[in-house]
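Have a look at the structure below, then the notes.
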Amino acid sequence: MLDSFCVAASLFVLTIALGVLRQGWLARLILILGTLATLIGSAASLPGGSATGAMWSLGDIAVTWQLQPAAAWLLFWGGLAALAAFLSPSRAQKPAIWMAGAAVALLGSLGVAGLQEGISFLIAWEFLSFGGAVILLADGLQETQCGGQASLYMLALLEIGAVALLLCLVLLGAQDTDFTGWAASWATYGGAAFGVAVLFIIGFGAKLGILPFYEWYPGAYGSGSGASGALLSGMVLNVAYFALGRAMLDWLPVSAATGVGILLVALGTISAILAILYAFQQEDWRRLLAFSTAENAGLAVVALGAASLFRADGLIMLMTLAWTVGLIHLGGHSLAKGVMMLSADRVAAVRGNYQIAQSRVLALAPWTLGIGALFGAMSLAAMPPMAGFASEWYLFQTIFQGFHLTSSAAQVSLALGGAGLALTAAIALATMVKVFGIGLLGREENPGKVTGRWPVLGLGLLVLAYAVALPWTLAALARDNWPANPATIAAMVRGPILVPLTPHFAFISPPLLLLMGLLLALIPLGLLGWSHRRHGRRRVPVWGHGLRRIPAENAITALAFSNALREFYSFVYRPGTNTRKQHTEREYFVHTLQFNYSQAPVFGPWLFRPAVRLVQKLSDRIGLVLQNGSLNAYLTYIGILLIVIFASVFYL
């Protein structure tokens, strides 16, 4: 197992070198081989995890690498989405640099998933951020200034998370940066342990898109290609969730688990609701799917919060159930989001842009693209029997177990979380109908040749296979919790049936749902065949308000589809509409009409912009004092910095 990961890391380093040398095709081949090695190592690490391997030493500190089963599960499914992205035609303007950036991100993913020491972990964490920025800039699908601003905004918010994690390292790892002692160190903080947990949530939540950090998602994803989105929504998101789960379930003192669990449930629920509300209003495939990624990360965080609440009451089986549900959800999400992101690339290759419009690209494209995209959209809409349906069903059943908790506040938080998840699921269904359905409607334009559809089909079929095989693949997670509880995983399955620990509470069976769906589909297919043989085929115009021909201008747009919800939740969206008219001679002779509309972000105007203005004002006032040109002042600054460093090393 360790040999596979060593080979993968070596191949990723080689890919970086080849990318810098602009050897695009060779870099792509080596990157694919490295991803395959990662998949082999991840599969071999289930269900028992990998062995521990010594990497190098930082002074007296030995840096080790060991992959736990939960991390192996998330790496495997995220790696499949990444492999499909690498096999698809690249839309990057600088493909060689894109491959190098992807290799940096994957190298960071391996580090975050397996490193057992704080300093090296932080370095790997920064690899994720840097690699993500490189692939977005290498795509070059926006103007240089716009793309650069989106990446800079992303990096700025991610660095807030990095600083929070650095503070956690100082607080928990000042004496020993090895992770084995962090739980004991955290327990010494007493009531302040909750504050350390908040730092971890800020640190890992910056990449997971937990509010307010989800606001970097649409700009960053919208500046890159679908392949970049598949990588960020898959491997990168998965390892960030694993890192947060390890901190909350392995290191966090049990005394703080209730408060932290309530916070996680609240943050996850509100993040999911806001993200899917804004996803529904997007007109760009990538921006819509970016918000959808933040929504699904929020759902997984709700599961993690439930696990923390159950842990506080000593309900180990329910804790394991909740944590496993989060893993199931993100595994299926990696596949489904990869399908939709790559489908967006294929649509853009034909239409020239990523706008959600009635062009019938998906309807007239080869079935290999349409079927794959359909399965991905169905999963993200939580429609049976797809992966998203199975995981969200499990999530609801986990939330419904809140009556076992002793804390009234915890019970209320799970009840409100369940209500929020129901709202999220309803809007997610409408969102996927919008992004997929509008692409099926409209005029029968004959699109150009669609390339790269086979990875979309393969990944789409995996979305279905993921759900159907879940009753048997769950055994790979038998040792996925802290502590491992194989009895819980065994209690989640009854043959081909999935149950939330007991079949008397609820149950579903994805394989039986698929079988029954295929059998029931024979009825309408038989009626259709009988009607065709008896009456033949007739083509008649669709009825539209009594018109013989429906004008193309009357086609349903992305705005028309979502405008009702836009008005209903106007207190959230704060929508704006601008109309500009240009006249020829007099005012009643309108030459051109420009119509623009927008939704105001929630945290940008109220949190981020005021913070930026505050920093700018402070820099204007203090900067002249600090940078006064005096050499003695600069030497004083250096001396103070050295004193702080020595104090942190010898006294913390």
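Using the three backbone atoms N, Cα and C, a Cβ is placed for every residue, glycine included.
Just so you know, TrEMBL annotations never went through curation; they're auto-generated.
What TrEMBL lists as domain 'NADH:quinone oxidoreductase/Mrp antiporter transmembrane' is 119-411.
Under the heading transmembrane segment, TrEMBL lists 6-22 (among others). Sequence-distant neighbours of the transmembrane segment (6-22) (same chain, 6+ residues past either end, Cβ-Cβ under 8 Å): 30-31, 33-35, 37-38, 41, 96-104, 106-107, 110.
Within the same chain, residues 28, 31-32, 35-36, 38-39, 41-43, 45-46, 49-50, 99, 102, 106, 109-110, 113-114, 226-227, 230-231, 233-239, 241-242, 245, 323, 327, 330-332, 334-335, 337-339, 341-342, 345, 452, 454-456, 458-459, 462, 466, 476-477, 480-481 sit at least 6 positions outside the transmembrane segment (70-88) and bring their C-beta atoms closer than 8 Å to a C-beta of that stretch. The transmembrane segment annotation in TrEMBL covers 70-88 (among others).
Look at TrEMBL and you will find 95-113 (among others) tagged as transmembrane segment. Residues 5, 8-9, 12-13, 15-16, 18-24, 27-28, 31, 34-35, 38, 65, 67, 71-72, 74-75, 78, 82, 86, 120-121, 123-128, 130-135, 137-139, 227-228, 231-232, 235-236, 238-240, 242-243 of the same chain lie 6 or more positions beyond the ends of the transmembrane segment (95-113) yet place their CB under 8 Å from a CB of it.
The annotation transmembrane segment is assigned in TrEMBL to 119-138 (among others).
Here TrEMBL flags 150-172 (among others) as transmembrane segment. Listed by sequence, the residues of this chain that lie at least six past the ends of the transmembrane segment (150-172) yet keep a Cβ under 8 A from its Cβ atoms are 118-119, 122, 125-126, 129, 132-133, 136-137, 142, 182, 185-186, 189, 196, 199-200, 202-207, 213, 215-216, 219-220, 222-223, 251, 648, 652.
If you look up TrEMBL, you'll see 256-280 (among others) marked as transmembrane segment. Tertiary proximity for the transmembrane segment (256-280) is limited to same-chain residues at least six positions away from its ends with a CB under 8 Å from its CB atoms, namely 193-194, 197-198, 201, 205, 209-211, 214, 217-218, 248, 288-292, 294-309, 311-312, 407, 409-410, 413-414, 416-417, 420-421, 423-424, 427-428, 430-431, 434, 562, 565, 569, 572-573, 599, 601-602.
Here TrEMBL flags 287-310 (among others) as transmembrane segment. For the transmembrane segment (287-310), the list of distant contacts is 205, 208-210, 214, 217-218, 220-222, 226, 229, 232-233, 237, 241, 244-245, 248-249, 252, 257-258, 260-273, 275-276, 278-280, 316, 318-323, 325-326, 329-330, 333, 337, 340-341, 344, 356, 380, 392, 395, 398-399, 401-402, 404-405, 407, 410, 413-414, 417, 421, 424, 428, 431, 434-435: same-chain residues at least six beyond its ends, Cβ to Cβ under 8 Å.
Through the fold, the transmembrane segment (316-336) approaches residues 70, 73-74, 76-78, 80-81, 233-235, 237-238, 241, 245, 249, 293, 296-297, 299-301, 303-304, 306-308, 310, 375-377, 379-380, 386-388, 390-392, 394-395, 398, 401, 404, 459, 462-463, 466-467, 470, 474, 477, 480-481, 483, 485, 487-489, 491-492, 500-501 of its own chain, all at least 6 residues removed from its boundaries and within a Cβ separation under 8 Å. Look at TrEMBL and you will find 316-336 (among others) tagged as transmembrane segment.
Feature annotation from TrEMBL assigns transmembrane segment to 361-383 (among others).
For 414-442 (among others), the entry in TrEMBL reads transmembrane segment.
Feature annotation from TrEMBL assigns transmembrane segment to 505-530 (among others).
Feature annotation from TrEMBL assigns transmembrane segment to 631-651 (among others).
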Looking only at residues six or more beyond either end of the transmembrane segment (361-383), which have a C-beta under 8 A from one in the stretch? 292, 296, 332-333, 335-340, 343, 346-347, 350-351, 389, 392-393, 425, 428-429, 431-433, 435-436, 439-441, 444-447, 450, 453-454, 456-461, 463-464, 467
